[in-house]
Amino acid sequence: MADLRKIKIDDTIIEVDPNMTLIQACEMAGIEVPRFCYHERLSIAGNCRMCLVEVVGGPPKPAASCAMQVKDLRPGPEGAPSEIRTNSPMVKKAREGVMEFLLINHPLDCPICDQGGECDLQDQAMAYGVDFSRYREPKRATEDLNLGPLVETHMTRCISCTRCVRFTTEVAGITQMGQTGRGEDSEITSYLNQTLESNMQGNIIDLCPVGALVSKPYAFTARPWELTKTESIDVMDALGSSIRIDTKGREVMRILPRNHDGVNEEWISDKTRFVWDGLRRQRLDRPYIRENGRLRPASWPEALEAAARAMKGKKIAGLIGDLVPAEAAFSLKQLVEGLGGKVECRVDGARLPAGNRSAYVGTARIEDIDDAEMIQLIGTNPRDEAPVLNARIRKAWSKGAKVGLVGEPVDLTYDYAHVGTDRAALESLSSREISDETKARPSIVIVGQGAIARRDGEAVLAHAMKLAENSNSGLLILHTAAGRVGAMDVGAVTEGGLLAAIDGAEVVYNLGADEVDIDQGPFVIYQGSHGDRGAHRDIILPGACYTEESGLFVNTEGRPQLAMRANFAPGEGKENWAILRALSAELGATQPWDSLAGLRRKLVEAVPHLAQIDQVPQNEWQPLGRFDLGQASFRYAIRDFYLTNPIARSSPLMGELSAMAAARKAPAPLAAE
C-alpha cells in the first residue's frame with residue numbers, strides 16, 4: 001500500500017490511501033455522499049454528477065468525487081492537508097441542480113412503481129433536491145425493452161446511470177446491453193432487442209437506483225414495508241451465498257442478496273433469486289402410506305408407526321440428499337447406524353475420501369481467487385456449477401490472472417488455455433516440472449464434481465492434489481450440493497459409496513435424495529418437501545425446505561453458515577430433524593435431544609469445527625496415495641443449470657428458463673433452399 005496521506009473532509013482529518021477516490025475517503029470518514037452511477041464493485045462512469053464535492057483551492061467548480069483520486073488533490077497552504085467540503089453552499093446548489101436535471105424526464109410513477117419505498121431517487125430527492133421544478137416542457141417517453149422473463153423494464157424512468165451496462169459487461173461477461181445516442185436521445189438498450197442470456201442477470205434489478213429495471217415475477221405483489229425480512233443462506237449451489245428472504249404471511253415473495261465479501265460479494269444467481277415460485281408448488285403437505293398399490297393420506301402417528309414397523313429388525317440404508325442441513329444429516333446417521341444400518345451422502349457417486357477434509361473440501365478459500373495469478377480448472381464448468389464463483393474468476397482474469405481448463409471447451413465468459421479434455425491432460429499437468437518462479441506466484445486448483453464422480457474419481461482427485469502440491473497452489477473442491485460438505489463432516493458416509501450402502505438393504509430411508517434411482521426391491525421411506533422423483537414409494541413424510549427450518553450448511557470451502565427459518569411448511573409438514581426425532585421415539589431408540597438447540601450441542605460435540613460459524617477452518621494436508629487414471633474425457637456435473645433440485649424442478653419459471661437455454665444451444669435450422 002502507498003504511504004497514507006492526510007486530508008481534511010469538512011471538519012474531520014483522516015489518513016487514507018492516495019489511490020482512493022474522494023467518495024471512498026468520505027465513506028471512511030463516515031460522511032455520506034449521494035450517488036447514482038457509482039458502485040464500488042463496478043468501474044467508474046462519472047455520469048450522474050450527483051456526488052459533487054467542493055475541492056478547496058482547486059478549480060472554482062465542484063468535482064465528481066467518484067472520479068477524482070486523493071493523490072490528485074493539491075496540498076493546502078504551508079503543507080496543510082488537502083481539504084474537501086461536502087456540505088458547502090456550492091455543493092448544496094450543485095446537487096439541487098443535478099437533481100432537477102435528473103427529474104426533468106422522470107415520470108411521477110411512484111404510486112405504481114415497484115421500487116417505491118426502497119428507491120434511491122426518492123430518498124435523494126427528499127434529502128438533496130428542492131420541492132419544485134421549473135421544467136414545463138413535455139417529458140421524454142421511450143419504449144420498454146423485452147429482456148426476458150426475469151427483468152421487467154420501464155425505460156421512461158431510466159436516468160442513464162449505466163450500472164446495468166457495466167454489470168452485464170464486467171461481471172456477467174455478456175455484451176448484450178449498451179447505451180446508444182447522445183444527449184436527450186441517449187438510451188439504454190439491448191443488442192438487436194435480444195433477451196439477456198446470463199444466469200446472473202437478475203442482479204441488475206438490485207443495481208438499478210430507480211424503477212427502470214424491476215423483477216418481473218415479483219411485480220405488483222407487495223410493498224417493501226409489508227414484508228418480513230429474514231437473513232439466511234442459499235442452497236441452490238454449494239457456494240452458500242448470503243441472502244435475504246422476504247415473506248408476506250406464509251409465502252416467500254422474493255429473495256435478495258446480502259453482502260458477504262468472502263463468499264458472494266453482493267451477487268446471486270438467477271436460480272437463487274427466482275426459484276421461490278417452486279416453494280409453492282408440488283408441495284408435500286401431509287403423510288402418505290401406500291396400500292394396495294396406491295398412496296393414501298395418513299396422520300402423523302399412523303405414518304410414523306408404519307415407518308417404525310417397516311424398519312424394525314431390517315437391514316437399513318439411509319440416503320442423504322443435496323439440500324439436507326447438517327443437523328438432519330447427523331440425526332439420520334445416529335438413527336440408522338444405531339439400528340445397524342449404513343448411511344451415505346455421496347448420492348451422485350462422487351469419490352470423496354471420508355475423513356480427509358483437505359481432499360473433500362481443499363485448502364483454499366473462495367476469496368483466494370481474487371489474488372490468484374493462475375487458476376486451473378479440472379472437470380468443472382463454474383458458469384453452471386457456481387455462477388457467482390465464476391464471476392469471481394472472471395474478475396481475477398480481468399486483472400491479469402491466467403486460467404486453464406481441463407475438460408470440454410465451454411463459454412466461461414473469459415479466455416482460458418484449453419489444456420485438454422481427458423485424463424491424459426490431467427496426468428500431463430500433474431507430472432510437469434514447475435519452476436520456482438511459478439511456484440512463488442499465488443495460484444489455485446479447482447476440481448469439479450463431474451471429474452470425481454466416475455470409477456477413477458479418487459485417482460483424478462489424487463492427481464489434482466499432486467498438481468496443487470507441486471505448484472504450491474491452493475486446492476478448492478467445487479461441490480454442487482449445498483448439504484454435501486456438512487454431511488461429510490458428520491461422517492454420513494459408507495466405505496464403497498452409494499452401491500455399498502444400499503447393497504442388500506431391505507429398507508431405504510431416503511432423506512431428500514430425489515436423484516437416486518432405487519430398485520423396486522427394498523421398502524422405501526421418503527422424507528422431503530416436494531412431490532418429486534423420490535415421492536412415489538411406500539411411505540412419504542412431508543419435511544420442510546430450506547426457507548422453512550433453521551439449519552447449518554457448510555459451503556464448498558468448508559465455511560459453516562446458518563440458514564434461518566423465514567416461513568412455515570405448508571399443511572402438516574414438519575422440520576426434518578423433528579421428524580427423525582419422533583421416529584426414533586417410535587422405534588424405541590429415542591434420540592437424546594428434544595430441541596434444535598439440544599441437537600446442535602450434540603452435533604458440535606461430535607464435530608467441533610461446526611461451532612465456528614462463518615469461519616473457514618484450516619485443513620491439514622493429507623495427500624492421497626497413487627491411483628491409476630482411466631482414459632475417459634471429463635464430463636461436467638450439471639447438464640441443466642435451472643433444474644438441479646426438487647425446488648427448481650417445481651418452479652414454472654425455472655422450467656421456462658431451462659427451455660429457453662436449450663433453444664439457444666440447439667443448432668439453428670438450415671435456410672430453406
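Easy rule for this one: first residue shown is 1, then count along the chain.
Keep in mind that glycine also has a Cβ here, set from the backbone N, Cα and C atoms.
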To which of C26, C66 does Swiss-Prot also attribute binding of [2Fe-2S] cluster at the site defined by C37, C48, C51?
C66
According to Swiss-Prot, C158, C161, C164 bind [4Fe-4S] cluster 2; so which of C119, C208 is the extra one listed there?
C208
Return the member of C110, C119, C158, C161, C208 nearest to C66 ([2Fe-2S] cluster binding site) in space, with distance defined Cα to Cα and candidates limited to these binding-site residues.
C161
What average pLDDT does the predicted model assign to the domain '4Fe-4S Mo/W bis-MGD-type' (227-283)?
96
Listing them in sequence order, which of the binding-site residues H106, C113, C158, C161, C164, C208 have their Cα within 10 Å of that of C48 ([2Fe-2S] cluster binding site)?
C161
Whole-number answer please: how many Å between the C-alpha atoms of C37 ([2Fe-2S] cluster binding site) and C161 ([4Fe-4S] cluster 2 binding site)?
4
Counting across all protein chains present, how many other Cβ atoms fall within 10 Å of the Cβ of C37 ([2Fe-2S] cluster binding site)?
23
If you take the centroid of the Cβ atoms of C37, C48, C51, C66, the listed [2Fe-2S] cluster site, which other residues of that chain have their Cβ within 8 Å of it?
I23, R35, F36, Y38, A45, G46, N47, R49, M50, A64, S65, A67, C161
Residues close to [4Fe-4S] cluster 1 site centre defined by H106, C110, C113, C119, Cβ within 8 Å
P107, L108, D109, Q115, G116, L121, Q122, R157, V210, G211
One should report the C-alpha separation between C161 ([4Fe-4S] cluster 2 binding site) and C51 ([2Fe-2S] cluster binding site), rounded to whole angstrom, as 12
